[in-house]
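The structure appears below as structure tokens.
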Amino acid sequence: MAHPVQSEFPSAQEPGSAAFLDLPEMEILLTKAENKDDKTLNLSKTLSGPLDLEQNSQGLPFKAISEGHLEAPLPRSPSRASSRRASSIATTSYAQDQEAPRDYLILAVVACFCPVWPLNLIPLIISIMSRSSMQQGNVDGARRLGRLARLLSITLIIMGIVIIMVAVTVNFTVQKK
């Protein structure tokens, strides 16, 4: 089935299309980038040469360039970089970001030996969920689940100790009578 020959680029009069090369910011971004010392960095010939525009499924042009063609990355604005660093320093320390969050699996297993039987399986399950979240790359979720497993394990261990103390106390007071 033959298609009529279409131009490679849509005309500027068509609705929804934009003349990408008419924008001065686009030309500046495609041809040069400045580093901190105001020295011009040369990009590869694929960026400074003619644009390779292709049609996507909606009929709009897009540029097809892989990341390997860049010789130097475009610099980020200093205000964004400094605000990112400041917010990350204010919220968490560098050492906390580098270490993996604990899942408290051993503490959850110890809690399983306490006499609060159906409830002491919950920290074990949450601890395993924390470990799997860490393996999937969800560090915040793993940290949150690890803390919850620790809290529940400690709570159930204390409840188990209280139950044992009550049982021993009742046992010795009943034998004396």
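In case you wondered, yes, glycine gets a Cβ from its N, Cα and C as well.
As annotated by Swiss-Prot, topological domain 'Cytoplasmic' applies to 1-105, 127-153, with the evidence given as similarity to another entry. Per Swiss-Prot, phosphoserine is recorded for S48, S87, S88. Feature annotation from Swiss-Prot assigns region 'Disordered' to 71-92. Residues or ranges marked as compositional bias 'Low complexity' in Swiss-Prot: 72-88. Here Swiss-Prot flags 106-126 as intramembrane segment, drawing on sequence analysis. The feature transmembrane segment is assigned by Swiss-Prot to 154-174.
Through the fold, the topological domain 'Cytoplasmic' (127-153) approaches residues 100-105, 107-108, 110-111 of its own chain, all at least 6 residues removed from its boundaries and within a Cβ separation under 8 Å. Across the range of the topological domain 'Cytoplasmic' (127-153), the DSSP-based residue counts are 24 helix, 0 strand, 3 coil.
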